Amino acid sequence: MSRLVSRAVLWLLDQTHIVVTGITALAFLKTRSAHVGYFISGAVLFNTFAKLSKNIIRQDRPNVTVEDDPKDPSRRPKKKVKKTYGMPSTHSTSIGFYMAYIILSLPPFSSPSTTISGMRRASTVSGPTGGLMALVTLVWGSLIMWSRVRIGYHTLAQVLVGATIGLSGGVAWRWMWDHKVVGLGSWEGVLQGWIDRAFGIVGL
């Protein structure tokens, strides 16, 4: 039973990219916010950077024993679960970015004027509640990263490097927004106008 539960949990963690992508898309469709668009562009940017790095470094993924091989461990051949390169883990990069940006959008790190549009209610919660939400985000993201090693998709080093890229990127991207770097203050209105026109064209 415990093994069945463990496999079910790992499977759910392995599918989180679908859930995260879906929630992000729904958030953008609902809020139509320039800030959400900015957040998404950052996630895509750093994920793309990780993918390009993967093709430059060209480090293989780990060889693991798969479940459908013969029951005798000595006869189970080792093989890669995925055939692409593994360093860094792009999955961990994405999750790290989400973790950093979401946590920095919660109190006491953000204010109503800087939090993600559509998440403004988060800025009105108490400090302990914000801390609990940040803790849940941290645990959730850490479990997903751990599952990448446990399932055999990546080595620990590949996950740690990917997470470092994502966490650093999330912090930097959020800082740029809060401090209106490279004219983000004026660009926000322009981007919002483009988004509104795009939704108007498609009739949403």
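Glycine residues also receive a Cβ, built from the backbone N, Cα and C atoms like all the rest.
Just so you know, TrEMBL annotations never went through curation; they're auto-generated.
Taken from TrEMBL, the feature domain 'Phosphatidic acid phosphatase type 2/haloperoxidase' applies to 36-174.
If you look up TrEMBL, you'll see 63-87 marked as region 'Disordered'.
The feature transmembrane segment is assigned by TrEMBL to 9-29 (among others).
The transmembrane segment feature in TrEMBL is assigned to 35-52 (among others).
According to TrEMBL, the feature transmembrane segment maps to 85-104 (among others).
According to TrEMBL, the transmembrane segment annotation covers 124-144 (among others).
What TrEMBL lists as transmembrane segment is 156-177 (among others).
Beyond its flanks by at least six residues, the transmembrane segment (156-177) meets 35, 38-39, 42, 45-46, 49-50, 53, 59, 61, 86-101, 104-105, 114, 145-146, 148-149, 184 of its own chain at Cβ-Cβ distances under 8 Å.
Long-range contacts of the transmembrane segment (9-29) within the same chain, counting only residues at least 6 positions beyond its ends with a Cβ under 8 Å from a Cβ of the stretch, are 36-37, 40, 43, 91, 94-95, 98, 118, 143-144, 147, 150-151, 204.
Remote same-chain residues near the transmembrane segment (35-52) are listed as 24, 27-28, 88-90, 93-94, 97-98, 101, 116-118, 162, 165-166, 169-170, 173, 177, 184, 188, 191, 195 (criterion: CB distance under 8 Å, separation of at least six residues from the stretch ends). Within the chain carrying the transmembrane segment (124-144), a Cβ under 8 angstroms from the stretch's Cβ atoms is held by residues 13, 16, 91-92, 95-96, 98-99, 102-103, 106-108, 112, all 6 or more beyond its ends.
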